[in-house]
């Protein structure tokens, strides 16, 4: 039997280690919670997930595993900080962690050179030092070639290009972990999950990790929780892999709606309605297109927690608010406000709408549809209030109320 470990760790000034044992049975990964151990006098809540997936063919194998992080935005850099620290003190890990960096020139100097010399991603995660064993590499093939664990943290619209570049260039025994929130359009009016694209194109197994994890707070080592999804999980973590990943994508659409509400000054009550209706459409979307998923998944960190966090603190909300107030295009605001980072909400809304329109289901998801139409300038942001008032969820309750009164 093949044995894997998934380590989750990093407690500020404390020792807090999770060991999640993965056993490969009939070519399927099963996550099993092995044990939790901690050694602390006064336990603080500054623990943070560690994203370091260690594969080994023996529990006590002497094989050293290598980690590569594909992506170096604020989220990728925050993960690099966590992973880089952990491999230094965990056995069976190569101490050097490669991080693929899309090369840019900052004040006349290459970003990879700045990161490797100053150990700081001054563009995407300024003010946070990366461990010295994290090495920025501008060539994704060079970064990933010897890796046993590939952690994908790039904007979802670039995943096919990255997979095409890596095809045949990585170890066939490598394992993938996707932290990417988004979809990709499939032919015929459907969508394809990012983890499925990675698995299909690179012919490797790929788990997903989603949750209410703002990059800045992760980098500051504040408490956070997350949800790991792996197909055929048996006991712990979540065996609802598709729903975990879909939550991470759809919540960005709802966050745009929350931003529109903020921009219009409609208040917290209206924003709460958008979040609630958005959650309902997320659940319905999974139920319609990925039947068999579990309602309980939406109450994990990847679901309602990530939704709330993003609707109050994420970049999609911030840019959407500015979109309403400034009357500038979303693309212009993305360039002005995000310092090279990419918005996922408007793109995901377009991909979802493409699927809904093809299948004649736009009316069944009025909030998603309205948000997309606002993003592309087809209707004004003020249309949000009508969408909320006339949402089928409200109409059904009104009809039920009338029936009760008549009886």
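Cβ atoms here come from the backbone N, Cα and C positions, even for glycine.
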Candidate from 276, 315, 373 that TrEMBL assigns to the same NAD(+) site as 71, 72, 73, 74, 75, 76, 158, 215, 342, 344: 315
181, 251, 315 as recorded positions, winner by CB count within 10 A: 251
Between residue 158 (NAD(+) binding site) and residue 316 (substrate binding site): CA-CA distance (Å): 18
Nonlocal residues around residue 71 (NAD(+) binding site), in sequence order (Cβ under 8 Å, 6 or more apart): 99, 100, 152, 153, 154
For residue 181 (substrate binding site), the three-state class that DSSP assigns: coil
Alpha-carbon distance [residue 251 (active site, proton acceptor); residue 73 (NAD(+) binding site)] in Å: 20
